[in-house]
Amino acid sequence: MPKRTDIQKIMVIGSGPIIIGQAAEFDYAGTQACLSLKEEGYEVVLVNSNPATIMTDKEIADKVYIEPITLEFVTRILRKEGPDALLPTLGGQTGLNMAMELSKNGILDELGVELLGTKLSAIDQAEDRDLFKQLMEELEQPIPESEIVNTVEEAVAFAATIGYPVIVRPAFTLGGTGGGMCANEKELREITENGLKLSPVTQCLIERSIAGFKEIEYEVMRDSADNALVVCNMENFDPVGIHTGDSIVFAPAQTMSDYENQMLRDASLSIIRALKIEGGCNVQLALDPNSFKYYVIEVNPRVSRSSALASKATGYPIAKLAAKIAVGLTLDEVINPVTGSTYAMFEPALDYVVAKIPRFPFDKFEKGERRLGTQMKATGEVMAIGRNIEESLLKACRSLEIGVHHNEIPELAAVSDDALIEKVVKAQDDRLFYVSEAIRRGYTPEEIAELTKIDIFYLDKLLHIFEIEQELGAHPQDLEVLKTAKLNGFSDRKIAELWGTTDDKVRQLRLENKIVPVYKMVDTCAAEFDSETPYFYSTYGWENESIRSDKESVLVLGSGPIRIGQGVEFDYATVHSVKAIQAAGYEAIIMNSNPETVSTDFSVSDKLYFEPLTFEDVMNVIDLEQPKGVIVQFGGQTAINLAEPLAKAGVTILGTQVADLDRAEDRDLFEQALKELDIPQPPGQTATNEEEAALAARKIGFPVLVRPSYVLGGRAMEIVENEEDLRSYMRTAVKASPDHPVLVDSYIVGQECEVDAISDGKNVLIPGIMEHIERAGVHSGDSMAVYPPQTLSQKVQETIADYTKRLAIGLHCLGMMNIQFVIKDEKVYVIEVNPRASRTVPFLSKVTNIPMAQVATKLILGQSLSELGYQNGLYPESTRVHIKAPVFSFTKLAKVDSLLGPEMKSTGEVMGSDATLEKALYKAFEASYLHLPTFGNVVFTIADDAKEEALNLARRFQNIGYGILATEGTAAFFASHGLQAQPVGKIGDDDKDIPSFVRKGRIQAIINTVGTKRTADEDGEQIRRSAIEHGVPLFTALDTANAMLKVLESRSFVTEAI
């Protein structure tokens, strides 16, 4: 069927900010879909609140609205644009829920907007647990016994009839939010209560637990002519019971018989046909390992995390084709862009194995609950491709960037047998490493399979890896054993360890004996047809398929998996850098390991290497491609950390040189540079042990800010008030980087701001200054940033511009740099300099219309700012006000404290733009799901050093009609200054404490600060947790509360008697 001509204008809803459960895979899907629709000649209107994505670039759609994805704003845009149709299946759960809301409020009918891709009835059938159950019964597809409940009592009654364990699944939530496994009534009551609150329709499904079954997923496509196919099947290494987003996954599935595969394939295709989905869909099934029994677990009637993985694993571009199907094209009319010759109706065939391992945030959240269950906790993931399980698994392990280069964590050797087995049975994020350690200790695959329900097939592979380790240990320098190890994915580093030599020597031995990897193409058809995709993975074998071209090339290193502190912003910069390299006439080569992102879409670069970002793997590509040089500025700390070893190996680093990177990152060299340039910084010293740190702090005076050098996202950074706290920090936190010292700085409480600058070595372009709303002490990634600055004097802005120019030229910066300043009493101090692209690049690029990463890349490749038409100095300000606000994923992470400080905790960001500060703030708060009603109750629980300031806020809240509640000490302070606040009880005073008020819905906002001492106040933590769990806006910085008040004041009317 040809494409539809009765629709011209299509609106696409994006997925909003990155949170756990909804990450960069939707940026990738949305970008593909918008371009795909434009290619077919439709006018595309995009709504998305996330500035950090490629998707919200001007070129991606005809009109891009970076506005909150709320009923109010989306309706406004629909009325203004009047599209013929809406495509909601590419914006994750956010997009689907928005479509449902628009429909239920009658907006779609009123404006005559048609839903494309998935009909509302199908969204309802897949997402509403009751309708889903009915549909499965009609199709005679087995599902676990279950009951829909709307109250806790109903749940308890049903569980009593089927017996424990049971699983709770809230309706219409993302990434299993609010769900979980319950072994008894107490757990069931707790989880159901929370799940009902988090479900927008207060509905949960209670079902019999089938934990221990194999979890299998099918990624399927269907078109309007009822053609349907399986793109890819995938098998979870972890059995049912752990969220698939937190599971290690292999594609294609490895342990099913042909009969089982056909059975589950038929089930998946019959489900997508029954739902009449036009586009992509993901079906999750549970298979009994001991019989042919299976159950359908759930269906996602949209593009999902698994479809991004399936696209990258097969090369089959699901989102791109889903968009074409949505406008009426059929699978037998669309050419598969990978081969360029076969139609999309061909099912992909794989002649390799793909492994995906999730990346968790627990290196940042040491207190977080690491046990895995049905609620997702990973922030990102890595993927690796190999010719066997061992190879793809070990490549994926070293892609994780958690300090491992093999499937082992050396520290586990010291763990007792009992502790080890407990971790093997009770899965945490690092279970793979515990299971591998158990095998090294002689536990058999059979014993471990019994304990974990992991298939023996995979455990045998882990045993095989261990056997190769033993072979290597017994035969140092043996070439045959070396070949075997390389065929099975071993790194040079691991081999060197077992041989008692260095990585370099192993590399030399390999090169002398021509033991080098070949690169194979990902072509969707197992090499049956000729293919034109330049998408490669390494393996040790025969016939290299990646042929070096005659054109000069430039290699760009990506940023690896998404984690807190290094998010999709770096992928954004990578993609823009590639565009500039191509525009300059070079061949652009990308190397990255993250399946969710736009940079690993094979159509972005001239060549894509899907490989771990380690020195060995990068050098292998360089040896083959011989590029003009490597760009490391855009891949965050991942790429910067590779600069020095690459330069030592004789590789040309393009842009700022390694010695100059060192001057910005090494404390003593940086201090010296600032002295020479006559730029003030807070007084500080370096310390390599506890005594030195104590001495330094006494000299500088408390409070001090302590942190390791060379880290990203404020890892292990703290503000300490006294020597005792400092000593305990030195004992517990300094593991962060053993061969780098700790920095001890005077902590200046002032106004913080940051600048991104671009330099060609002679001139410096400063696109803009961003002012932080929260004062110094809150990590820049967790602060709200305002552009242009609202409170900085002209003099301060001129000083900042002057210091920025001096630093860029003085540090020989070529390309991008980011500088953070703190201002106190009109004096400007430099806090830190990062000689690379930072996380503010996408935001600042969008609000100034300067494609910063592209400009920086052109300068790196030899052009000057004046040739590109840019002046030296500060770029003219925009007239609108733009705000970048952080978004957190605390609902997903039990036991993580939501108190903000110098260590970064946010997972994503949104942007609000308007003519005034108040309007822009309103949009930013709405987009980040912080909705405050115009009246209600606010509770204050404030540390002594901030009571004075809080009093002023409380008065303003009272003026606009809010009721004021406060904890005992705060209420007494308010009363002594003439403000009566209703006192609330201490934690544990039943019915009178803050958590119980929160549960009853009597509190609309909580303002909670702790002293600079920041001791773990358990009461405060419980209060903050209750706010997170019940979705009550929580402010742990008074500056943020002040910003929210500005919004409320601008929206409220004053009523006064005459």
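Each residue, glycine too, has its Cβ placed from N, Cα and C.
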Site co-member for ATP 2 according to Swiss-Prot, given R707, S746, I748, E752, G777, V778, H779, S780, E832, out of Q790, Q820: Q820
Residue from R129, R208, I242, E298 whose C-alpha is spatially nearest that of E832 (Mg(2+) 3 binding site), among the binding-site residues: I242
In three-state DSSP terms, the structure that I242 (ATP 1 binding site) belongs to: coil
Neighbouring binding-site residues, C-alpha within 10 angstroms of E298 (Mn(2+) 2 binding site) - of E215, Q284, Q820: Q284
Sparsest-packed among the binding-site residues, when each Cβ's other Cβ atoms within 10 Å are tallied, from N300, Q820: Q820
Neighbourhood of Q284 (ATP 1 binding site) by C-beta distance under 8 A, where only residues 6 or more apart in the same chain count: E215, I216, E217, T244, V296, I297, E298, V299, N300
Integer average pLDDT (0 to 100) for the region 'Allosteric domain' (930-1058): 88
Counts by DSSP class (helix H/G/I, strand E/B, coil) across the region 'Oligomerization domain' (402-546): 78 helix, 11 strand, 56 coil
